[in-house]
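> Relevant sequence annotations retrieved from TrEMBL are reproduced here:
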type	residues	note
COMPBIAS	1-12	compositional bias 'Basic and acidic residues'
REGION	1-23	region 'Disordered'
TRANSMEM	75-99	transmembrane segment
TRANSMEM	111-134	transmembrane segment
TRANSMEM	143-160	transmembrane segment
TRANSMEM	260-278	transmembrane segment
TRANSMEM	299-325	transmembrane segment
TRANSMEM	345-364	transmembrane segment
TRANSMEM	376-397	transmembrane segment
TRANSMEM	409-430	transmembrane segment
TRANSMEM	489-510	transmembrane segment
Amino acid sequence: MSPTLSHKDSSRQRRLGPMNHCLDMKSGSLPPGTWEAEQPVDSIGGEGDSEALLLATGTRSPRGPRGYRAELSNILLLLFLYVLQGIPLGLAGSIPLILQSKNVSYTDQAFFSLVFWPFSLKLLWAPLVDAVYFKSFGRRKSWLVPTQYILGLFMIYLSTQVDHMLGTADGGSPDVMALTLTFFLFEFLAATQDIAVDGWALTMLSRENVGYASTCNSVGQTAGYFLGNVLFLALESADFCNKYLRFQPQPRGIVTLSDFLFFWGTIFFITTTLIALLKKENKEVTPSKEETKGITDTYKLLFTIIKMPAVMTFCFMILTAKVGFSAADAVTGLKLVEEGVPKEHLALLAVPMVPLQIILPLIISKYTAGPQPLNVFYKAMPYRLLLGLEYALMVWWTPKVAYQGGFPLYYYIIVLLSYALHQITLYSMYVSIMAFNAKVSDPLIGGTYMTLLNTVSNLGGNWPSTVALWLHRTRIVGLLKQSNFAKNLVALVLLHWMAIMWNLLSVLLLDSVGGSFLVQNLKNSRMKEHHPGNAGGIIDAIHYRTYQKVGVGEYFSL
(Lines of atoms letter the chains of each structure in order from A and count residues from 1; the text may use other names and numbers.)
(Lines give C-alpha, C1' and ligand atoms only; values in the text may rest on other atoms or scores of the structure.)
Protein backbone atom coordinates (compact mmCIF):
# COMPACT_ATOMS: atom_id res chain seq x y z
CA MET A 1 0.00 0.00 0.00
CA SER A 2 0.96 3.64 0.18
CA PRO A 3 4.40 4.10 1.76
CA THR A 4 4.81 6.19 4.86
CA LEU A 5 5.87 9.71 4.05
CA SER A 6 7.85 12.09 6.20
CA HIS A 7 6.86 15.62 7.12
CA LYS A 8 7.54 18.05 4.34
CA ASP A 9 6.98 21.77 4.46
CA SER A 10 4.52 21.26 7.32
CA SER A 11 2.06 19.72 4.84
CA ARG A 12 1.99 16.19 6.27
CA GLN A 13 0.34 14.90 9.37
CA ARG A 14 0.66 11.64 11.25
CA ARG A 15 -2.18 9.52 12.53
CA LEU A 16 -1.91 7.18 15.49
CA GLY A 17 -2.54 3.56 14.67
CA PRO A 18 -0.83 0.38 13.55
CA MET A 19 1.17 2.48 11.09
CA ASN A 20 2.41 6.00 10.62
CA HIS A 21 -0.07 7.06 7.97
CA CYS A 22 0.77 10.37 6.34
CA LEU A 23 -1.89 12.32 4.50
CA ASP A 24 -1.74 15.09 2.00
CA MET A 25 -3.16 18.49 2.83
CA LYS A 26 -3.64 20.23 -0.47
CA SER A 27 -5.25 23.26 1.07
CA GLY A 28 -3.75 25.58 3.58
CA SER A 29 -7.08 26.41 5.21
CA LEU A 30 -6.53 23.90 8.01
CA PRO A 31 -3.04 23.72 9.53
CA PRO A 32 -1.82 20.23 10.39
CA GLY A 33 -2.69 18.90 13.80
CA THR A 34 -5.50 21.37 14.45
CA TRP A 35 -9.19 21.81 13.82
CA GLU A 36 -10.75 25.03 12.73
CA ALA A 37 -10.57 26.24 16.33
CA GLU A 38 -6.91 25.13 16.52
CA GLN A 39 -7.71 22.42 19.04
CA PRO A 40 -6.03 19.03 18.56
CA VAL A 41 -8.33 16.04 18.53
CA ASP A 42 -7.17 13.35 20.89
CA SER A 43 -9.82 10.79 20.08
CA ILE A 44 -12.82 10.11 17.95
CA GLY A 45 -15.55 8.15 19.58
CA GLY A 46 -13.56 6.76 22.48
CA GLU A 47 -10.23 5.52 23.73
CA GLY A 48 -10.50 2.08 22.21
CA ASP A 49 -10.10 2.98 18.56
CA SER A 50 -6.45 3.69 18.10
CA GLU A 51 -6.78 3.63 14.33
CA ALA A 52 -8.94 6.74 14.22
CA LEU A 53 -6.93 8.90 16.60
CA LEU A 54 -5.41 12.09 15.29
CA LEU A 55 -2.21 13.35 16.84
CA ALA A 56 -1.20 16.94 17.21
CA THR A 57 1.84 18.17 15.33
CA GLY A 58 5.10 16.90 16.73
CA THR A 59 3.61 13.87 18.52
CA ARG A 60 5.20 10.59 17.58
CA SER A 61 3.30 7.46 16.81
CA PRO A 62 4.26 4.53 19.02
CA ARG A 63 4.59 2.10 16.14
CA GLY A 64 6.39 2.11 12.87
CA PRO A 65 5.09 1.03 9.48
CA ARG A 66 4.29 -2.63 9.00
CA GLY A 67 4.80 -4.60 5.80
CA TYR A 68 2.32 -7.20 4.67
CA ARG A 69 4.60 -10.02 5.88
CA ALA A 70 4.07 -8.88 9.48
CA GLU A 71 0.33 -9.44 9.00
CA LEU A 72 0.44 -12.44 6.70
CA SER A 73 -1.59 -14.60 9.10
CA ASN A 74 -4.37 -12.01 9.23
CA ILE A 75 -4.33 -11.62 5.44
CA LEU A 76 -4.60 -15.39 5.00
CA LEU A 77 -7.49 -15.54 7.48
CA LEU A 78 -9.34 -12.80 5.60
CA LEU A 79 -8.67 -14.64 2.35
CA PHE A 80 -10.13 -17.85 3.80
CA LEU A 81 -13.23 -16.07 5.13
CA TYR A 82 -13.88 -14.58 1.70
CA VAL A 83 -13.44 -18.05 0.15
CA LEU A 84 -16.20 -19.32 2.43
CA GLN A 85 -18.29 -16.32 1.43
CA GLY A 86 -17.87 -17.21 -2.24
CA ILE A 87 -19.30 -20.73 -1.84
CA PRO A 88 -22.96 -19.62 -1.40
CA LEU A 89 -22.50 -17.08 -4.19
CA GLY A 90 -21.18 -19.75 -6.55
CA LEU A 91 -23.96 -22.20 -5.71
CA ALA A 92 -26.62 -19.55 -6.26
CA GLY A 93 -24.94 -18.60 -9.54
CA SER A 94 -25.07 -22.20 -10.78
CA ILE A 95 -28.84 -22.54 -10.33
CA PRO A 96 -29.81 -20.31 -13.33
CA LEU A 97 -27.78 -22.54 -15.67
CA ILE A 98 -29.44 -25.64 -14.23
CA LEU A 99 -32.86 -24.02 -14.62
CA GLN A 100 -32.05 -22.96 -18.18
CA SER A 101 -31.17 -26.55 -19.07
CA LYS A 102 -34.65 -27.47 -17.79
CA ASN A 103 -36.22 -24.89 -20.15
CA VAL A 104 -37.68 -22.50 -17.60
CA SER A 105 -38.85 -19.11 -18.84
CA TYR A 106 -36.87 -15.88 -18.64
CA THR A 107 -39.61 -14.54 -16.38
CA ASP A 108 -38.71 -17.28 -13.90
CA GLN A 109 -35.03 -16.46 -14.37
CA ALA A 110 -35.74 -12.81 -13.59
CA PHE A 111 -37.64 -13.86 -10.46
CA PHE A 112 -34.81 -16.11 -9.32
CA SER A 113 -32.30 -13.28 -9.83
CA LEU A 114 -33.84 -11.69 -6.73
CA VAL A 115 -31.79 -14.13 -4.63
CA PHE A 116 -28.74 -11.93 -5.24
CA TRP A 117 -30.44 -8.84 -3.82
CA PRO A 118 -29.53 -9.41 -0.13
CA PHE A 119 -26.02 -8.22 -1.00
CA SER A 120 -27.64 -5.04 -2.30
CA LEU A 121 -29.97 -4.65 0.69
CA LYS A 122 -27.58 -5.54 3.52
CA LEU A 123 -27.26 -1.86 4.33
CA LEU A 124 -30.64 -2.18 6.07
CA TRP A 125 -29.22 -4.40 8.82
CA ALA A 126 -25.53 -3.41 8.69
CA PRO A 127 -25.98 -0.83 11.51
CA LEU A 128 -27.44 -3.61 13.65
CA VAL A 129 -24.29 -5.67 13.08
CA ASP A 130 -22.19 -2.66 14.06
CA ALA A 131 -24.17 -1.71 17.16
CA VAL A 132 -25.06 -5.03 18.82
CA TYR A 133 -22.31 -7.37 19.96
CA PHE A 134 -20.75 -9.10 22.95
CA LYS A 135 -17.66 -7.17 23.97
CA SER A 136 -16.11 -10.17 25.73
CA PHE A 137 -16.40 -12.33 22.59
CA GLY A 138 -15.48 -9.69 20.03
CA ARG A 139 -17.36 -7.17 17.95
CA ARG A 140 -17.08 -9.01 14.63
CA LYS A 141 -16.97 -12.57 15.97
CA SER A 142 -20.29 -11.92 17.72
CA TRP A 143 -21.90 -11.98 14.27
CA LEU A 144 -19.43 -13.97 12.19
CA VAL A 145 -19.44 -17.13 14.30
CA PRO A 146 -23.23 -17.60 14.75
CA THR A 147 -23.90 -16.61 11.13
CA GLN A 148 -21.47 -19.21 9.79
CA TYR A 149 -22.91 -21.84 12.14
CA ILE A 150 -26.40 -21.08 10.82
CA LEU A 151 -25.06 -21.21 7.25
CA GLY A 152 -23.62 -24.65 7.95
CA LEU A 153 -26.91 -25.91 9.41
CA PHE A 154 -28.87 -24.38 6.55
CA MET A 155 -26.67 -26.05 3.93
CA ILE A 156 -27.00 -29.44 5.62
CA TYR A 157 -30.80 -29.08 5.80
CA LEU A 158 -31.00 -27.81 2.22
CA SER A 159 -29.08 -30.87 1.04
CA THR A 160 -32.13 -32.98 1.99
CA GLN A 161 -34.63 -30.81 0.08
CA VAL A 162 -32.93 -29.35 -2.98
CA ASP A 163 -33.47 -32.38 -5.27
CA HIS A 164 -37.23 -32.07 -4.80
CA MET A 165 -37.09 -28.32 -5.48
CA LEU A 166 -35.19 -28.89 -8.74
CA GLY A 167 -37.56 -31.67 -9.80
CA THR A 168 -34.66 -34.13 -10.00
CA ALA A 169 -36.08 -36.59 -7.49
CA ASP A 170 -39.50 -37.07 -9.13
CA GLY A 171 -38.76 -35.94 -12.69
CA GLY A 172 -41.04 -32.93 -12.41
CA SER A 173 -40.46 -29.29 -13.22
CA PRO A 174 -38.43 -27.05 -10.90
CA ASP A 175 -40.24 -25.20 -8.12
CA VAL A 176 -38.86 -21.75 -8.91
CA MET A 177 -40.76 -20.08 -6.08
CA ALA A 178 -39.35 -22.44 -3.43
CA LEU A 179 -35.86 -22.21 -4.91
CA THR A 180 -35.99 -18.41 -4.90
CA LEU A 181 -37.19 -18.15 -1.30
CA THR A 182 -34.66 -20.73 -0.10
CA PHE A 183 -31.65 -19.24 -1.84
CA PHE A 184 -32.74 -15.73 -0.88
CA LEU A 185 -32.40 -16.75 2.77
CA PHE A 186 -29.13 -18.48 1.88
CA GLU A 187 -27.74 -15.27 0.39
CA PHE A 188 -29.12 -13.23 3.30
CA LEU A 189 -26.91 -15.21 5.67
CA ALA A 190 -23.93 -14.85 3.34
CA ALA A 191 -24.51 -11.09 3.16
CA THR A 192 -24.57 -10.86 6.96
CA GLN A 193 -21.27 -12.73 7.07
CA ASP A 194 -19.93 -10.27 4.51
CA ILE A 195 -20.82 -7.31 6.74
CA ALA A 196 -18.92 -8.81 9.65
CA VAL A 197 -15.88 -9.71 7.55
CA ASP A 198 -15.75 -6.29 5.84
CA GLY A 199 -15.85 -4.56 9.20
CA TRP A 200 -13.28 -6.90 10.72
CA ALA A 201 -10.91 -6.31 7.80
CA LEU A 202 -10.66 -2.62 8.71
CA THR A 203 -9.35 -3.40 12.19
CA MET A 204 -7.62 -6.72 11.58
CA LEU A 205 -5.20 -5.04 9.17
CA SER A 206 -3.18 -1.91 9.81
CA ARG A 207 -3.97 1.23 7.85
CA GLU A 208 -0.82 0.60 5.84
CA ASN A 209 -2.10 -2.78 4.69
CA VAL A 210 -5.87 -2.26 4.74
CA GLY A 211 -5.87 -1.97 0.95
CA TYR A 212 -5.07 -5.68 0.83
CA ALA A 213 -8.61 -6.26 2.10
CA SER A 214 -9.89 -5.61 -1.42
CA THR A 215 -7.36 -8.10 -2.80
CA CYS A 216 -8.43 -10.73 -0.26
CA ASN A 217 -12.05 -10.01 -1.18
CA SER A 218 -11.45 -10.41 -4.91
CA VAL A 219 -9.18 -13.46 -4.74
CA GLY A 220 -11.15 -15.18 -1.98
CA GLN A 221 -14.57 -14.68 -3.52
CA THR A 222 -13.20 -15.75 -6.90
CA ALA A 223 -11.82 -18.98 -5.45
CA GLY A 224 -15.04 -19.63 -3.51
CA TYR A 225 -17.20 -18.86 -6.51
CA PHE A 226 -15.10 -21.24 -8.61
CA LEU A 227 -15.57 -24.04 -6.10
CA GLY A 228 -19.31 -23.44 -5.74
CA ASN A 229 -20.03 -22.82 -9.42
CA VAL A 230 -17.49 -24.08 -11.94
CA LEU A 231 -16.24 -27.12 -10.04
CA PHE A 232 -19.74 -28.08 -8.97
CA LEU A 233 -21.24 -27.78 -12.48
CA ALA A 234 -18.42 -29.88 -13.92
CA LEU A 235 -18.68 -32.64 -11.32
CA GLU A 236 -22.49 -32.57 -11.44
CA SER A 237 -22.59 -33.10 -15.22
CA ALA A 238 -22.90 -36.76 -16.21
CA ASP A 239 -21.62 -35.99 -19.73
CA PHE A 240 -18.49 -34.27 -18.44
CA CYS A 241 -17.73 -36.94 -15.86
CA ASN A 242 -18.30 -39.79 -18.33
CA LYS A 243 -16.10 -38.13 -20.94
CA TYR A 244 -13.19 -36.99 -18.80
CA LEU A 245 -13.27 -38.64 -15.38
CA ARG A 246 -14.76 -42.14 -15.76
CA PHE A 247 -13.94 -45.38 -17.50
CA GLN A 248 -17.53 -46.67 -17.26
CA PRO A 249 -20.40 -44.26 -18.11
CA GLN A 250 -22.92 -43.52 -15.38
CA PRO A 251 -26.33 -41.79 -15.61
CA ARG A 252 -25.35 -39.04 -13.16
CA GLY A 253 -22.34 -36.95 -12.22
CA ILE A 254 -19.82 -37.67 -9.51
CA VAL A 255 -21.57 -35.32 -7.08
CA THR A 256 -25.07 -33.93 -6.78
CA LEU A 257 -26.14 -30.58 -5.43
CA SER A 258 -27.30 -32.26 -2.21
CA ASP A 259 -23.89 -33.92 -1.75
CA PHE A 260 -22.12 -30.64 -2.39
CA LEU A 261 -24.28 -28.75 0.11
CA PHE A 262 -23.76 -31.37 2.82
CA PHE A 263 -19.97 -31.33 2.35
CA TRP A 264 -19.65 -27.55 2.59
CA GLY A 265 -22.08 -27.38 5.49
CA THR A 266 -19.71 -29.64 7.40
CA ILE A 267 -16.71 -27.49 6.40
CA PHE A 268 -18.48 -24.38 7.66
CA PHE A 269 -19.06 -26.05 11.02
CA ILE A 270 -15.46 -27.17 11.52
CA THR A 271 -13.76 -23.96 10.40
CA THR A 272 -16.13 -21.71 12.35
CA THR A 273 -15.37 -23.65 15.52
CA LEU A 274 -11.63 -23.18 14.98
CA ILE A 275 -12.06 -19.43 14.41
CA ALA A 276 -14.20 -19.08 17.53
CA LEU A 277 -11.63 -20.86 19.68
CA LEU A 278 -8.31 -19.74 18.23
CA LYS A 279 -8.70 -16.25 16.73
CA LYS A 280 -8.82 -13.26 19.05
CA GLU A 281 -9.86 -9.79 17.96
CA ASN A 282 -7.36 -6.98 18.40
CA LYS A 283 -8.41 -5.29 21.62
CA GLU A 284 -6.35 -2.22 20.77
CA VAL A 285 -8.78 -1.32 18.03
CA THR A 286 -11.99 -2.65 19.54
CA PRO A 287 -14.42 0.28 19.79
CA SER A 288 -15.51 1.51 23.17
CA LYS A 289 -19.08 1.99 24.33
CA GLU A 290 -18.98 5.62 23.37
CA GLU A 291 -18.71 4.72 19.71
CA THR A 292 -21.88 2.67 19.51
CA LYS A 293 -24.47 4.04 21.93
CA GLY A 294 -27.19 1.89 20.38
CA ILE A 295 -28.96 0.81 17.24
CA THR A 296 -30.85 4.10 16.91
CA ASP A 297 -27.68 6.17 17.05
CA THR A 298 -26.03 3.90 14.49
CA TYR A 299 -28.92 4.32 12.05
CA LYS A 300 -28.85 8.07 12.60
CA LEU A 301 -25.16 7.97 11.82
CA LEU A 302 -25.88 6.00 8.65
CA PHE A 303 -28.41 8.57 7.43
CA THR A 304 -25.99 11.36 8.26
CA ILE A 305 -23.38 9.69 6.07
CA ILE A 306 -25.87 9.21 3.23
CA LYS A 307 -26.81 12.90 3.33
CA MET A 308 -23.21 13.98 2.75
CA PRO A 309 -23.10 15.61 -0.72
CA ALA A 310 -20.01 13.67 -1.74
CA VAL A 311 -21.57 10.34 -0.74
CA MET A 312 -24.87 11.12 -2.52
CA THR A 313 -23.05 12.04 -5.72
CA PHE A 314 -20.88 8.94 -5.54
CA CYS A 315 -23.90 6.68 -4.91
CA PHE A 316 -25.77 8.11 -7.90
CA MET A 317 -22.76 7.50 -10.10
CA ILE A 318 -22.33 3.87 -8.98
CA LEU A 319 -26.06 3.07 -9.17
CA THR A 320 -26.19 4.04 -12.84
CA ALA A 321 -22.70 3.13 -14.03
CA LYS A 322 -23.49 -0.54 -14.78
CA VAL A 323 -26.71 -0.15 -16.76
CA GLY A 324 -24.77 -0.49 -19.99
CA PHE A 325 -23.43 -3.90 -18.91
CA SER A 326 -26.68 -5.44 -17.66
CA ALA A 327 -27.74 -7.37 -20.76
CA ALA A 328 -24.23 -8.61 -21.53
CA ASP A 329 -23.59 -9.78 -17.97
CA ALA A 330 -26.99 -11.30 -17.15
CA VAL A 331 -28.27 -12.73 -20.44
CA THR A 332 -25.25 -13.82 -22.50
CA GLY A 333 -24.57 -17.12 -20.71
CA LEU A 334 -28.25 -18.07 -20.66
CA LYS A 335 -28.61 -17.27 -24.36
CA LEU A 336 -25.61 -19.45 -25.21
CA VAL A 337 -27.16 -22.36 -23.27
CA GLU A 338 -30.45 -21.71 -25.09
CA GLU A 339 -28.63 -21.87 -28.43
CA GLY A 340 -27.27 -25.31 -27.57
CA VAL A 341 -23.93 -24.68 -25.84
CA PRO A 342 -23.67 -27.24 -22.97
CA LYS A 343 -23.62 -25.55 -19.57
CA GLU A 344 -20.72 -27.72 -18.42
CA HIS A 345 -18.68 -26.51 -21.40
CA LEU A 346 -19.33 -22.93 -20.37
CA ALA A 347 -18.27 -23.88 -16.85
CA LEU A 348 -15.06 -25.41 -18.19
CA LEU A 349 -14.29 -22.19 -20.05
CA ALA A 350 -14.17 -20.55 -16.64
CA VAL A 351 -11.31 -22.83 -15.53
CA PRO A 352 -8.61 -20.96 -17.50
CA MET A 353 -10.12 -17.77 -16.10
CA VAL A 354 -9.30 -18.72 -12.50
CA PRO A 355 -5.55 -17.98 -12.67
CA LEU A 356 -6.40 -14.74 -14.45
CA GLN A 357 -8.99 -13.83 -11.81
CA ILE A 358 -6.48 -14.49 -9.03
CA ILE A 359 -3.59 -12.65 -10.67
CA LEU A 360 -5.61 -9.65 -11.86
CA PRO A 361 -6.43 -8.27 -8.38
CA LEU A 362 -2.78 -8.59 -7.40
CA ILE A 363 -1.71 -6.62 -10.46
CA ILE A 364 -4.51 -4.08 -10.29
CA SER A 365 -3.92 -3.45 -6.57
CA LYS A 366 -0.60 -1.82 -7.48
CA TYR A 367 -2.54 0.86 -9.36
CA THR A 368 -5.33 1.22 -6.80
CA ALA A 369 -3.02 1.53 -3.78
CA GLY A 370 -2.31 5.21 -4.39
CA PRO A 371 -4.44 8.28 -3.68
CA GLN A 372 -6.55 7.85 -6.85
CA PRO A 373 -7.92 4.28 -6.94
CA LEU A 374 -10.91 5.18 -9.12
CA ASN A 375 -8.67 6.11 -12.04
CA VAL A 376 -8.66 2.41 -12.96
CA PHE A 377 -12.47 2.27 -12.72
CA TYR A 378 -13.39 4.93 -15.20
CA LYS A 379 -10.55 4.06 -17.60
CA ALA A 380 -11.78 0.44 -17.84
CA MET A 381 -15.44 1.35 -18.33
CA PRO A 382 -15.39 2.26 -22.08
CA TYR A 383 -13.69 -1.05 -22.92
CA ARG A 384 -16.32 -2.99 -20.97
CA LEU A 385 -19.04 -1.15 -22.87
CA LEU A 386 -17.49 -2.20 -26.18
CA LEU A 387 -17.26 -5.80 -25.00
CA GLY A 388 -21.01 -5.72 -24.36
CA LEU A 389 -21.51 -5.06 -28.06
CA GLU A 390 -19.11 -7.91 -28.89
CA TYR A 391 -21.17 -10.24 -26.65
CA ALA A 392 -24.33 -9.33 -28.59
CA LEU A 393 -22.59 -10.21 -31.86
CA MET A 394 -21.34 -13.49 -30.36
CA VAL A 395 -24.88 -14.55 -29.38
CA TRP A 396 -26.08 -13.72 -32.91
CA TRP A 397 -23.18 -15.73 -34.40
CA THR A 398 -23.53 -18.85 -32.18
CA PRO A 399 -26.33 -20.72 -34.05
CA LYS A 400 -24.59 -20.08 -37.38
CA VAL A 401 -21.49 -22.11 -36.42
CA ALA A 402 -23.28 -25.05 -34.76
CA TYR A 403 -22.94 -28.37 -36.55
CA GLN A 404 -24.03 -31.92 -35.67
CA GLY A 405 -25.18 -30.80 -32.25
CA GLY A 406 -21.82 -29.31 -31.31
CA PHE A 407 -19.50 -26.38 -31.89
CA PRO A 408 -16.04 -26.18 -33.47
CA LEU A 409 -12.91 -25.58 -31.43
CA TYR A 410 -12.34 -22.10 -32.83
CA TYR A 411 -15.77 -21.06 -31.49
CA TYR A 412 -14.78 -21.95 -27.93
CA ILE A 413 -11.45 -20.16 -28.38
CA ILE A 414 -13.26 -16.97 -29.40
CA VAL A 415 -15.66 -17.29 -26.46
CA LEU A 416 -12.71 -17.85 -24.13
CA LEU A 417 -10.89 -14.76 -25.39
CA SER A 418 -14.07 -12.72 -25.03
CA TYR A 419 -14.47 -13.92 -21.45
CA ALA A 420 -10.84 -13.10 -20.68
CA LEU A 421 -11.15 -9.53 -21.96
CA HIS A 422 -14.41 -9.15 -20.04
CA GLN A 423 -12.76 -10.36 -16.82
CA ILE A 424 -9.95 -7.84 -17.19
CA THR A 425 -12.36 -4.92 -17.43
CA LEU A 426 -14.70 -6.32 -14.76
CA TYR A 427 -11.94 -6.86 -12.19
CA SER A 428 -10.35 -3.53 -12.97
CA MET A 429 -13.60 -1.82 -12.01
CA TYR A 430 -14.35 -4.13 -9.08
CA VAL A 431 -10.97 -3.94 -7.35
CA SER A 432 -10.86 -0.19 -7.92
CA ILE A 433 -14.21 0.32 -6.19
CA MET A 434 -13.30 -2.01 -3.32
CA ALA A 435 -9.98 -0.22 -2.76
CA PHE A 436 -11.70 3.17 -2.75
CA ASN A 437 -14.33 1.96 -0.28
CA ALA A 438 -11.68 0.57 2.07
CA LYS A 439 -9.69 3.80 1.94
CA VAL A 440 -12.54 6.12 2.90
CA SER A 441 -14.27 3.82 5.42
CA ASP A 442 -13.77 4.74 9.07
CA PRO A 443 -13.03 1.87 11.51
CA LEU A 444 -15.35 3.52 14.06
CA ILE A 445 -18.32 2.40 11.99
CA GLY A 446 -16.40 0.12 9.66
CA GLY A 447 -19.20 -2.35 8.94
CA THR A 448 -21.75 0.39 8.27
CA TYR A 449 -19.52 2.78 6.34
CA MET A 450 -17.91 0.18 4.09
CA THR A 451 -21.16 -1.76 3.71
CA LEU A 452 -22.94 1.40 2.54
CA LEU A 453 -20.45 1.86 -0.29
CA ASN A 454 -20.27 -1.84 -1.20
CA THR A 455 -24.06 -2.17 -1.05
CA VAL A 456 -24.55 0.67 -3.50
CA SER A 457 -22.02 -0.95 -5.82
CA ASN A 458 -23.82 -4.32 -5.64
CA LEU A 459 -27.23 -2.72 -6.11
CA GLY A 460 -25.92 -0.86 -9.15
CA GLY A 461 -25.18 -4.23 -10.73
CA ASN A 462 -28.20 -6.24 -9.56
CA TRP A 463 -31.15 -4.07 -10.49
CA PRO A 464 -30.09 -3.66 -14.15
CA SER A 465 -29.58 -7.45 -14.42
CA THR A 466 -33.05 -8.22 -13.08
CA VAL A 467 -34.60 -5.66 -15.42
CA ALA A 468 -32.63 -7.04 -18.38
CA LEU A 469 -33.87 -10.59 -17.72
CA TRP A 470 -37.46 -9.41 -17.30
CA LEU A 471 -37.38 -7.31 -20.47
CA HIS A 472 -35.94 -10.16 -22.52
CA ARG A 473 -39.37 -11.69 -23.18
CA THR A 474 -41.48 -8.54 -23.10
CA ARG A 475 -43.42 -7.24 -26.05
CA ILE A 476 -40.75 -4.60 -26.70
CA VAL A 477 -38.07 -7.22 -27.24
CA GLY A 478 -40.55 -9.39 -29.12
CA LEU A 479 -40.90 -6.69 -31.76
CA LEU A 480 -37.20 -7.14 -32.50
CA LYS A 481 -37.29 -10.92 -32.48
CA GLN A 482 -37.37 -11.26 -36.26
CA SER A 483 -34.43 -8.95 -36.84
CA ASN A 484 -31.04 -9.80 -35.38
CA PHE A 485 -29.67 -6.67 -37.01
CA ALA A 486 -32.27 -4.56 -35.22
CA LYS A 487 -31.41 -6.14 -31.88
CA ASN A 488 -27.73 -5.44 -32.38
CA LEU A 489 -28.52 -1.90 -33.48
CA VAL A 490 -30.56 -1.28 -30.32
CA ALA A 491 -27.73 -2.72 -28.21
CA LEU A 492 -25.24 -0.45 -29.96
CA VAL A 493 -27.40 2.64 -29.40
CA LEU A 494 -27.91 1.73 -25.74
CA LEU A 495 -24.22 1.23 -25.12
CA HIS A 496 -23.25 4.48 -26.79
CA TRP A 497 -26.00 6.31 -24.92
CA MET A 498 -24.59 4.99 -21.64
CA ALA A 499 -21.09 6.05 -22.66
CA ILE A 500 -22.33 9.57 -23.41
CA MET A 501 -24.22 9.72 -20.10
CA TRP A 502 -21.12 8.55 -18.27
CA ASN A 503 -19.02 11.28 -19.84
CA LEU A 504 -21.59 13.93 -18.92
CA LEU A 505 -21.76 12.58 -15.38
CA SER A 506 -17.98 12.64 -15.11
CA VAL A 507 -17.94 16.29 -16.12
CA LEU A 508 -20.58 17.11 -13.50
CA LEU A 509 -18.66 15.22 -10.84
CA LEU A 510 -15.43 16.91 -11.80
CA ASP A 511 -17.08 20.29 -11.51
CA SER A 512 -18.78 19.60 -8.16
CA VAL A 513 -16.26 17.36 -6.46
CA GLY A 514 -13.17 19.01 -7.87
CA GLY A 515 -14.26 22.38 -6.55
CA SER A 516 -14.52 23.37 -2.95
CA PHE A 517 -17.58 21.50 -1.63
CA LEU A 518 -15.48 19.52 0.83
CA VAL A 519 -14.09 22.74 2.22
CA GLN A 520 -17.65 24.03 2.55
CA ASN A 521 -18.62 20.83 4.36
CA LEU A 522 -15.77 21.37 6.77
CA LYS A 523 -16.98 24.88 7.51
CA ASN A 524 -20.60 23.81 7.90
CA SER A 525 -19.78 20.90 10.20
CA ARG A 526 -18.61 23.28 12.97
CA MET A 527 -15.64 21.17 13.97
CA LYS A 528 -14.82 23.41 16.89
CA GLU A 529 -17.94 22.02 18.60
CA HIS A 530 -16.75 18.43 18.20
CA HIS A 531 -17.68 16.07 21.05
CA PRO A 532 -16.20 12.53 21.07
CA GLY A 533 -18.87 9.85 20.86
CA ASN A 534 -21.44 12.20 19.36
CA ALA A 535 -22.73 11.09 15.95
CA GLY A 536 -22.29 14.55 14.49
CA GLY A 537 -18.78 14.69 15.89
CA ILE A 538 -17.91 11.41 14.20
CA ILE A 539 -19.18 12.76 10.90
CA ASP A 540 -17.06 15.89 11.40
CA ALA A 541 -14.06 13.65 11.91
CA ILE A 542 -14.91 11.63 8.79
CA HIS A 543 -15.13 14.84 6.76
CA TYR A 544 -11.78 15.97 8.08
CA ARG A 545 -10.23 12.54 7.69
CA THR A 546 -11.36 12.25 4.06
CA TYR A 547 -10.24 15.78 3.27
CA GLN A 548 -6.90 15.01 4.89
CA LYS A 549 -6.51 11.71 3.11
CA VAL A 550 -6.93 12.69 -0.53
CA GLY A 551 -7.08 16.46 -0.66
CA VAL A 552 -9.64 18.76 -2.25
CA GLY A 553 -10.39 17.86 -5.84
CA GLU A 554 -9.15 14.25 -5.56
CA TYR A 555 -11.92 12.70 -3.45
CA PHE A 556 -13.30 10.72 -6.38
CA SER A 557 -10.05 10.60 -8.37
CA LEU A 558 -11.54 12.35 -11.39
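Glycine too: its Cβ is placed from the backbone N, Cα and C atoms.
Have a look at these and tell me how they're positioned relative to everything else.
Long-range contacts of the transmembrane segment (75-99) within the same chain, counting only residues at least 6 positions beyond its ends with a Cβ under 8 Å from a Cβ of the stretch, are 68, 108-109, 112-113, 115-116, 144, 148, 151, 166, 174, 176, 179, 183, 186-187, 189-190, 193-194, 197, 200-201, 204-205, 209, 212-213, 216-217, 219-230, 232-233, 257, 260-261, 264, 267-268, 271, 275, 279, 333-334, 337, 343, 346-347.
Under 8 Å from some Cβ of the transmembrane segment (111-134) lie the Cβ atoms of residues 92, 95-96, 99, 140, 142-143, 176-177, 179-180, 183-184, 186-188, 190-192, 194-196, 199, 292, 294-295, 297-299, 301-302, 330, 445-448, 451-452, 455-456, 458-459, 462-463, 465-466, 469, all in the same chain and six or more residues away from its ends.
Within its own chain, the transmembrane segment (143-160) is flanked in space by residues 81, 84, 88, 129, 133, 137, 182, 185-186, 189-190, 192-193, 195-197, 200, 257-262, 264-269, 271-272, 275-276, which lie at least six positions past its ends and keep a Cβ under 8 Å from the stretch.
Tertiary neighbourhood of the transmembrane segment (260-278): same-chain residues 77, 80, 84, 87, 91, 141, 144-145, 148-149, 151-156, 158-159, 162, 228, 232, 235-236, selected by CB-CB distance under 8 Å and a gap of 6+ residues from either end.
A Cβ distance under 8 Å defines the sequence-distant neighbours of the transmembrane segment (345-364), meaning residues of its chain 6+ beyond its ends; these are 97, 214-215, 218-219, 222-223, 226, 229-230, 233-234, 237, 240, 333, 336-337, 376, 412, 415-416, 419-420, 423-424, 427-428, 431-432.
Among residues of the same chain six or more beyond the transmembrane segment (409-430), those with a C-beta under 8 A of the stretch's C-beta atoms are 218, 328, 336, 345, 349-350, 352-353, 356-357, 360-361, 364, 376-377, 379-381, 383-384, 387, 390-391, 394, 398, 401.
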